[in-house]
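Participant: Before I ask anything, here is the structure I am working with.
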Amino acid sequence: MKKYILSLDQGTTSSRAILFNKKGEIVHSAQKEFTQHFPKPGWVEHNAQEIWGSILAVIATCLSEADVKPEQIAGIGITNQRETAVVWDKTTGKPIYNAIVWQSRQTAEICDELKEKGYGEMVREKTGLLIDAYFSGTKVKWILDNVEGAREKAENGDLLFGTIDTWLVWKLSGGKAHVTDYSNASRTLMFNIHDLQWDDELLDMLTVPKSMLPEVRPSSEVYGETIDYHFFGQNVPIAGVAGDQQAALFGQACFGEGMAKNTYGTGCFMLMNTGEKAVASEHGLLTTIAWGIDGKVNYALEGSIFVAGSAIQWLRDGMRMFKDASESEVYASRVESTDGVYVVPAFVGLGTPYWDSEVRGAMFGVTRGTTKEHFIRATLESLAYQTKDVLCAMEADSGIELKTLRVDGGAVKNNFLMKFQSDILDVPVERPVINETTALGAAYLAGLAVGYWKNQDEIKEQWHMDKRFEPTMEAETSEELYAGWKKAIEATKAFK
């Protein structure tokens, strides 16, 4: 009987189930979107029960459409939108409030208070993160402080907390496994990434009882099995878990120290594997856990760019410059350069390395001769410049010079952007055959745990390149262009 690995990719706007075979190829996939809730400006929430329902739906659709029987699944891997926090009742299994999403700013005031109390340095040292509404810890505190009776129940040990991976493993296992992996734990603001424990000092700071927290386990391990009721009568091992960006790093086979990937989605997330050492950042990067496997923990440096693919959507929907995102490449290629135009797409502030939430988008260098083509090209180029900002920070922090950059995500189909990215970085850019690297990473982690794949060397062999973009731009030209970008950033920051 042919066996497969089922990867569950629980994202910010949709849930997907993807079946992979022994060669790491996609056999079939199913996707279902779910509701976004915006109760107040800047707040973003999800219904955790609806997410669970969407997961069950995509599993059923994927297996039936692929004509694969449940007993053909060798293991399940889970990858998830990180930081999003769920708190539920241990007895009823029902969430006591909506899941507060990573994008949500509803805990900004809590963060300001913690910063004012001088906790910033301690948090940075222990977690590798900044005090920010982005991470799970303040979201849990907010739920306990704002939902009636929640704090008392939590103190009595009646509530459980989890990021989305934890919630799904708990549901699939029928409440038997309350676990998370190192990569997800490292995004909570409650986990010490050096001694690999929930940290009492951090928990006291956030007033979160330890009894709520899941057990932290390696990213590739059997955590439990599906209960018959949720998996068509089968007990399938749930065997791999990693946060979405870390899963993509694993799916890109970036196993060596100094290897890096950049995911071009709504935003961009660039991760560099720093091996078994946690590199503290002096340049606005986050230090995070990549994965834990075979008794070892790998660390990574991470840079976040808030606006990437969403800038292309803005050109399409907001500015109505084209009907399909793929047309952006055609327009951008019609002109030799932007003619000195720079677009800084700081629609929601700037991420790494600036961390400035007050700035807004801007455009510079416009003349009477500026056309739609120049404008589109400048917007695409901004993605490459922002990536260079992150890479410069990574090389400065790690002391490692990047040899090649592996890329994935929706915008990598844009050949113009990938070539310009290579030119601006002066580094080859490699696009893989399989772009679904996040789901693939979770599948690999699960497959290794159940012996479906032997080891990481076997996985490395499966990574195949679709196209390699080599830098051909003169160093002087790329330096000049990048200097113009830095000037545009400074001018943008001055206008508030």
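From the backbone N, Cα and C atoms, a Cβ is placed for every residue, glycine too.
Feature table excerpt (Swiss-Prot):
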- Thr12, Arg82, Glu83, Tyr134, Asp244: sn-glycerol 3-phosphate binding site (BINDING)
- Thr12, Thr13, Ser14, Thr266, Gly309, Gln313, Gly410: ATP binding site (BINDING)
- Thr12, Arg16, Thr266, Gly309, Gly410, Asn414: ADP binding site (BINDING)
- Arg82, Glu83, Tyr134, Asp244, Gln245: glycerol binding site (BINDING)
- His230: phosphohistidine (MOD_RES)
Participant: Max CA to CA distance in Å over the glycerol-binding set Arg82, Glu83, Tyr134, Asp244, Gln245?
Facilitator: 15
Participant: Would you mind pulling the longest C-alpha to C-alpha span across Thr12, Arg82, Glu83, Tyr134, Asp244, which the record has binding sn-glycerol 3-phosphate, in angstrom?
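Facilitator: Looking at Thr12, Arg82, Glu83, Tyr134, Asp244 as a set, their Cα atoms extend up to 15 Å apart.
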Participant: Need the DSSP three-state call for Asp244 (sn-glycerol 3-phosphate binding site) to compare against my parser.
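Facilitator: Once the DSSP labels are grouped into three classes, Asp244 (sn-glycerol 3-phosphate binding site) ends up as helix.
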Participant: Around the glycerol site recorded as Arg82, Glu83, Tyr134, Asp244, Gln245, what other same-chain residues have a C-beta within 8 angstroms of the site's C-beta center?
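Facilitator: Other same-chain residues near the glycerol site: Gln81, Thr84, Trp102, Arg187, Gly243, Phe269.
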Participant: For the recorded positions Arg16, Arg82, His230, which Cβ has the most other Cβ atoms within 10 Å, all shown protein chains included?
Facilitator: Arg82
Participant: If you measure from the Cα of the residue listed as 'phosphohistidine', which of the binding-site residues Thr13, Arg16, Gln245, Thr266, Asn414 is the nearest?
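Facilitator: Smallest Cα separation from the residue listed as 'phosphohistidine' among Thr13, Arg16, Gln245, Thr266, Asn414: Arg16.
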Participant: Return the member of Thr12, Arg16, Glu83, Gln245 nearest to Thr266 (ATP binding site) in space, with distance defined Cα to Cα and candidates limited to these binding-site residues.
Facilitator: Thr12
Participant: Non-local Cβ contacts of Gln313 (ATP binding site) (under 8 Å, 6 or more apart, same chain)?
Facilitator: Ala325
Participant: Most Cβ neighbours within 10 Å: which of the binding-site residues Gly309, Gly410 is it?
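Facilitator: Top count of Cβ atoms within 10 Å goes to Gly309.
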Participant: Taking the Cβ of Tyr134 (sn-glycerol 3-phosphate binding site) as the reference point, list residues of the same chain whose Cβ is under 8 angstroms away and which are at least six residues distant in sequence.
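Facilitator: Looking at Cβ-Cβ distances below 8 Å from Tyr134 (sn-glycerol 3-phosphate binding site), excluding near sequence neighbours, one finds Glu83, Trp102, Gln103.
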Participant: Taking the Cα atoms as reference points, how far is Ser14 (ATP binding site) from Asp244 (sn-glycerol 3-phosphate binding site) in Å?
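Facilitator: The separation of the Cα atoms works out to 13 Å.
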Participant: Expressed to the nearest Å, what is the distance separating Thr13 (ATP binding site) and Asn414 (ADP binding site) at their Cα atoms?
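Facilitator: Pair distance, Cα basis, whole Å: 22 Å.
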Participant: Run through Arg16, Gly309, Gly410, Asn414 for me and report the binding-site residues whose CA is within 10 Å of the CA of Arg82 (sn-glycerol 3-phosphate binding site), in sequence order.
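Facilitator: Near Arg82 (sn-glycerol 3-phosphate binding site), where near means Cα within 10 Å, there are no binding-site residues at all.
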Participant: Quick one: what's DSSP say for Arg82 (sn-glycerol 3-phosphate binding site), helix, strand or coil?
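Facilitator: Once the DSSP labels are grouped into three classes, Arg82 (sn-glycerol 3-phosphate binding site) ends up as coil.
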Participant: Quick check on the binding-site residues: of Ser14, Asn414, whose CB has the lowest count of neighbouring CB atoms inside 10 Å?
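Facilitator: Counting other Cβ atoms within 10 Å of each of the binding-site residues Ser14, Asn414 gives the minimum at Ser14.
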